[in-house]
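Undergrad: Here it is: the structure, laid out below.
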Amino acid sequence: MNRGSRAGPDMVRRNPARWLVAMAGALMLAMAPAMAQEHNHATGTASSQANTAQPVATPADGTSAATAPAVSYHNATIFTLKTGIAGGRMVYIGVGGDIDGQTNPTLMVHEGELVQINLINGEGAEHDVVIDQYPARSSIVVGVNASSTFSFVATKVGEFAYFCSIAGHREAGMEGLIHVMPGPREDMDTDAADIVHDPADLPGPIGQRPPQVVKVELETVELKGRLDDGTSYVYWTFNKKVPGPFVRVRVGDTVEVHIRNASDSVMPHSVDFHAATGPGGGADFTQIAPGEEAVVTFQALKPGIYVYHCATPSVAHHITSGMYGLILVEPEGGLPQVDREFYVMQGELYTVEPFGTQGEMEMDYDKLISEKAEYFLFNGSVGALTKSHPLYATAGETVRIFFGVGGPNYTSSFHVIGEIFDHVYSLGSVLSPPLAGVQTVTVPPGGATIVDFKIDRGGHYVLVDHALSRAERGLAGYLIVDGPKDDEIMHSGPAGSLGK
Ligand SMILES: [Cu+2]
């Protein structure tokens, strides 16, 4: 740990173990206030504390959904403790974040924060964890790998013991401190720009019209952008967003690309359209220094969904920094109509600083060329599609996601948790018939796909790369669907119990 204690909980908040231990609970926590209302929770502190009175034991496989406090995940400070034996004593051992591996770690939180504690049984004996002077306790975990999650709001400032209430266990060593510091966590937000491309921001279908000349305006802009709360990165972008603008044309169109490199750029930039046929996909004609402009024109010969990206050496550096986007070349007559379309792209960042560090991140060239990513991102930042721009839809609607991978290196196993793709335009081909009934789609770097699905049921759906370790490094998005949730398609309890 190389930072002050104030930053400690932040590291823990990004604790990778949160997904493994309390995936369902953590996901629920992140839901918008509207979702909380649907769960009939009052908002605010009282509800969160009320939850502690009824802790929910979760099996270690995380399949059971915990009750969700009506607060924002944004504010949750998460700790994971595993019971064990150290030096002949019974102890709690920190898992993940700054407390990783520590015996009876001191848990640093701020006044007013929602604190979530995950307890994992590490050796099999009966245990729990109780916070002194707070109405907060876990349920008892019995058996190896049993786990429990509870949460409470740290309303009282000071140092309080946490301990195991099973007779004799506190005395045997199962005791630590939770330190509630006065005042809110320092707002680390900087002057960093919001570089997230809203996934709902894309032009509508073209449909029936004859081919024409379509002018595309791109500006390459280097700017300090928000990577995560209190964390920034100097992105290189098309039009200040990641991904760049969604370009939509039809087959037979003439695409006239005007690219301008902002005068305050440091680097030269360019653009390579995978939808184009010709030298460098246009990159050979668009290598421009700061302040320069170039124009390249190409025929959209083949329909499909294609990536475009900067192709200035080192190309991997330009791509990782955010220089990618999608161009849809519609087939004649367009794609089948759907109710909602979304635009999502995946990329990864290679920073000197480990994932979760606060401050301004630096690109690490050695990590880049050895493909050791620190961050995996949808639409440019951690939380882009969870905290700031979730996808919204209504039950009964058909949804289409144009999904591309900028990369530069990692293939995505794109999946929406809780849904099945009705149609997949595999590898972005719209000339081949779409696949039907698909769970997970492979999307290579520099590749894209189109997935369509009807949402039959309200609820929370989660966009992931099913290489789920990447979810620990920033990669997740929410599709929040308004509509009835308890129905024949899925409901809690046995068959035939609905409405009884
Ligand atoms: Cu570039």
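Note: Cβ is positioned from N, Cα and C throughout, glycine not excepted.
Copying in the features that TrEMBL gives for the protein in this structure:
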type	residues	note
SIGNAL	1-36	signal peptide
REGION	40-64	region 'Disordered'
COMPBIAS	42-55	compositional bias 'Polar residues'
DOMAIN	228-332	domain 'Plastocyanin-like'
BINDING	HIS269, HIS274, HIS309, CYS310, HIS318, MET323, HIS466	Cu cation binding site
Undergrad: Cβ under 6 Å from an atom of ligand 1: which of these binding-site residues qualify? The list is HIS269, CYS310, HIS466.
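TA: Correct list: HIS269, CYS310.
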Undergrad: Reduced to three states, what secondary structure does DSSP give HIS318 (Cu cation binding site)?
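TA: The residue in question, HIS318 (Cu cation binding site), is helix (DSSP, three-state).
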Undergrad: Take the Cβ of HIS274 (Cu cation binding site) and count every other Cβ within 10 Å, whichever protein chain it belongs to.
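TA: There are 20 of them.
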Undergrad: How would DSSP class CYS310 (Cu cation binding site) in three states?
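TA: Where CYS310 (Cu cation binding site) sits, the three-state DSSP reduction gives coil.
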Undergrad: Which Cβ among the binding-site residues (HIS318, HIS466) has the fewest C-beta neighbours inside 10 Å?
TA: HIS466
Undergrad: Where does MET323 (Cu cation binding site) sit in DSSP terms: helix, strand, or coil?
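TA: For MET323 (Cu cation binding site) - judged by DSSP and reduced to three states - the answer is coil.
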Undergrad: Report, as a single number, how many Cβ atoms besides its own are within 10 Å of the Cβ of HIS269 (Cu cation binding site).
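TA: Around HIS269 (Cu cation binding site), other Cβ atoms within 10 Å: 30.
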Undergrad: Average pLDDT across the domain 'Plastocyanin-like' (228-332)?
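TA: On average, pLDDT over the domain 'Plastocyanin-like' (228-332) sits at 97.
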